[in-house]
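What TrEMBL annotates here:
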type	residues	note
TRANSMEM	A:33-55	transmembrane segment
TRANSMEM	A:62-81	transmembrane segment
TRANSMEM	A:87-107	transmembrane segment
TRANSMEM	A:114-132	transmembrane segment
TRANSMEM	A:152-170	transmembrane segment
TRANSMEM	A:197-217	transmembrane segment
TRANSMEM	A:237-262	transmembrane segment
TRANSMEM	A:274-290	transmembrane segment
Amino acid sequence: MKKIMGFSIFVLLSAVSYGIVQSLISAGMLNQFYSNTLIFIAINVILAASLHLVIGITGQFSIGHAGFLAVGAYISAIFTMKLHLPFVPALAAGGIVAALAGLLVGIPSLRLKGDYLAIATLGFAEIIRVVFLNIDYVGGAAGMQVSHFTSWSYAFVSLFVTLLVIMNFTNSTHGRACIAIRENEIAADAMGINTTYYKVVAFAIGSFFAGIAGGLYAHNFYIIQPSNFGFLKSFDILIFVVLGGLGSLSGAVFAAILMTIVSTFLQGYPETRMIIYSVVLVIVMLYRPQGLMGTKEITAYLGKWTGAKGEDAYGK
Amino acid sequence: MDWIQQIVNGISLGSIYALIALGYTMVYGIIKLINFAHGDVFMVGAFVGFYAIESWKLSFIPALLVAMGISAVLGVVIERVAYKRLRNATRIAALITAIGVSLFIEYGTIYIRGAQPEAFPSVLPDQIFKVFGASISSQSIFILLISIILMLILQFIVHRTKIGKAMRAVSYDAEAARLMGINVDRTISATFAIGSALAGAAGVAFGVYYTKIEPLMGVIPGLKAFVAAVLGGIGIIPGAMIGGLVLGIVETMVSAFGYSPWRDAAAFVILILILIFRPSGILGKNTREKV
């Protein structure tokens, strides 16, 4: 019962927030800068949510998420700009190819653990970047021209679907298996959970949504270059998840919104932005290593205020 | 025959990787942390060397020593400020902190002096030797010599001195070492100091070899040195040397066969192959995980 109520509240809230922003845009009350910032927030929230599934839920420390973002961006750009297909199939293709890349990366590297997995995923992301850098078809280092297709509606619908899928996945049998793997992989294995299977599934779903975000990202700019998808981009995404709380979807979402707004205001001072990012990160890790919200969801806090019994995403 | 030339170039580059990889491997061996900031200590070493030569008019060897000293201090400060509190934290927290420290050093340097690259002054005699028809620059030989000397000193410290014995003991079992009266904190600081000094020396050597230094130069060599450490077997000092040399030679060969744009990918392909097929590295032994 509670789940159904929570779900309807989520749908209602998203419909309202979409309606408000869309009518503001239609009425011309939001200028280009603000609507672009909103699209950018939506893209970053998708990225944060997709990485949250891999790091927060499954506990696999992947730091090469920008690689999948790059795959989605380039594939969807090839579909629209080279093959002249419409935007929606191109977005889907970006997501699917990124998911395939996720499978390709996941199957060998998910045998690794902890630090080694982190470095392997980082290595894969670098390899993907070097591959795009050396393919002349997509423009090499100079990059690829892309038309501007991403609108608030596209960004919002993608964001909505992402959050819905990830929330439902987390609450399903599969999601609980993933959480079991996060808590203790060896014990989960001993309980009969096929750990490799679930890790690869989580990885592929995460990559799929990163690919969708890549498609939106590419069509929100006029040019994409391999240098947009380096280590720093992966790191930006990682910060959302870590800061929000390893294991909290709402935490990751809030951190993504907050950090995007902060970095938009600091756009003119890139060094200051990175210094602030790094100091915040180190301080959070030193004093609150589980992130701002830990594994708690926002509903747990809301429940406290309304006097109802608190319940996080895992029914704890 | 330019085979010899390529191999000598590969060994010089590889010895720079090996110097950085030694620091990685020592720190990993002792506190099980991938010190991402190590590549940036390397960068700071290069800049200290540059300013020592350019502004203070030092010659090569004193500049090298100054760079090593300041890098060592930086390494100890990083350990004290950021890593010490995380001894008992999760691996992920430690890794993220290391990435944070790395970014802080990179962008702090850009904030202080700007992002523009500097041309490293040529302080070493630049002669070309002809050996069996291959032309080998005196600089690569110099770099090789310096690396070999530093590695020999390191071997001496680790195997013949008291602090080296303490380091080996702490890396074997920190708790037992503490019970035996070893000052673990001091040993860890010494490890950071030695590893960072080697990275600083590698920075100066890199500057001499490539003649261009910039604040973000530490990222890629840092990652590659980590690959080298994993390749040789992380935590094993001779492994880091072998891994560095192998990586340097492979990279030079990839360039020599005309695939230089793919050079950076080569290191990561090696990394992934080694992680999949022999995760303990060339010199490592397989260990089973205990529940």
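Each residue, glycine too, has its Cβ placed from N, Cα and C.
Any TrEMBL annotation is an automated prediction that lacks curation.
Taking pairs at least six residues apart, the transmembrane segment (A:87-107) and the transmembrane segment (A:237-262) share fewer than three Cβ pairs below 8 Å and do not count as touching. Proximity of distant same-chain residues to the transmembrane segment (A:114-132), defined by a Cβ-Cβ separation under 8 Å and at least 6 residues beyond the stretch ends, is recorded for 60-67, 70-71, 74, 101, 105, 138, 226, 229-231, 234.
Counting residues 6+ beyond its ends, the transmembrane segment (A:62-81) has Cβ neighbours under 8 Å at 47, 50-51, 54-55, 87, 89-91, 93-95, 97-98, 101-102, 105, 117-118, 121-129, 132, 137-138, 144-147, 149, 203, 206-207, 210-215, 217-219, 224, 226, 228-231, 233-235, 237-238 in the same chain. Below 8 angstroms of C-beta separation, residues 21, 25, 61-62, 65, 69, 150-152, 155-156, 158-159, 162-163, 166, 169-170, 178, 202-203, 205-210, 212-213, 216-217, 220, 236-238, 240-242, 244, 246-249, 252-253, 255-257, 259-261, 264 of the same chain, each at least six residues beyond the ends of the transmembrane segment (A:33-55), sit close to that stretch. Just going by CB pairs under 8 A, the stretch in A:152-170, A:237-262, A:274-290 that sits most against the transmembrane segment (A:197-217) is A:152-170.
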